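Each remark here refers to the structure printed beneath this line.
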Amino acid sequence: MSFVSCSKHWLSDCDTIGRLSNLLVVVQADAKMVCDVVSRMEDTEPYSAELLSAMMRLWSDSGIQECFSRAREYQLNDSAQYYLDSLDRIGATDYQPTEQDILRTRVKTTGIVETHFTFKNLHFRLFDVGGQRSERKKWIHCFEDVTAIIFCVALSGYDQVLHEDETTNRMHESLKLFDSICNNKWFKDTSIILFLNKKDIFEKKITKSPLSICFPEYTGPDTYLDGIDHIKCQYESKNKSTNKEVYSHVTCATDTNNIQFVFDAVTDVIIANNLRGCGLY
């Protein structure tokens, strides 16, 4: 999600839970101006100095910060705080996006996006598919012969609901999808690599938002390691095949060192399975 889109969602959601109406008159004026201007902007349009000043005043307001502390109640992108904390830098006339700025953007995957790349002298064809309900029918039967499936879980979604169905917990939906893929006839011989992603956000969130929101039966401590262990077990328990192993990794997609380490491990799994398929392992 772009910086402009984050701004649109941030103010819209603050209004939704009734915080804007309780702000000081000056701050309300800033909010109205920002909403009006941002709603008409294109994602690539630069911010004016007046707009940036208003947004910075809003972001520093205690009422807005209270609204942000309740972000799990509405659909706000995980990177919103990162971008809003960097308003002065991103709004500079000579701004150039950093590696982190790019890594933290979010673009919804629609259909199937194919990428070719080489790693460790191996040639990969990576298919990125949309995870939303409306996207699944486009790809679920297309990959009978793929070498491996990387299934990404947003650890931070355990206390949030879906965009498309605000009665369904995101992690419950993810577990259901993982079950259907892991045990699908199309993937009976396909390795499953599980990425438990956004560990950095989960580590901060678990101290304030109990895991029992997602798993009412959970009575363990709300700590980072205990929480991840429980979630990992929930996913791995969906595997009904004794001949298939789920390879789990706890990841942070914005940490390039972490992803490099994990991808090394993933590549080793893929190579081993290819050799096993040829009877050489």
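Along the chain as shown, residues are numbered 1 onward.
Using the three backbone atoms N, Cα and C, a Cβ is placed for every residue, glycine included.
What TrEMBL records for 78-79, 103-109, 128-132, 197-200, Ala253 is GTP binding site.
Here TrEMBL flags Thr109 as Mg(2+) binding site.
Contacts of Ala253 (GTP binding site) defined by a Cβ separation under 8 A and a same-chain sequence distance of 6+ are given as Leu103, Asn197, Lys198, Ile259, in order along the sequence. Neighbour density for Arg104 (GTP binding site): within 10 A of its CB lie 20 other CB atoms from the protein chains shown.
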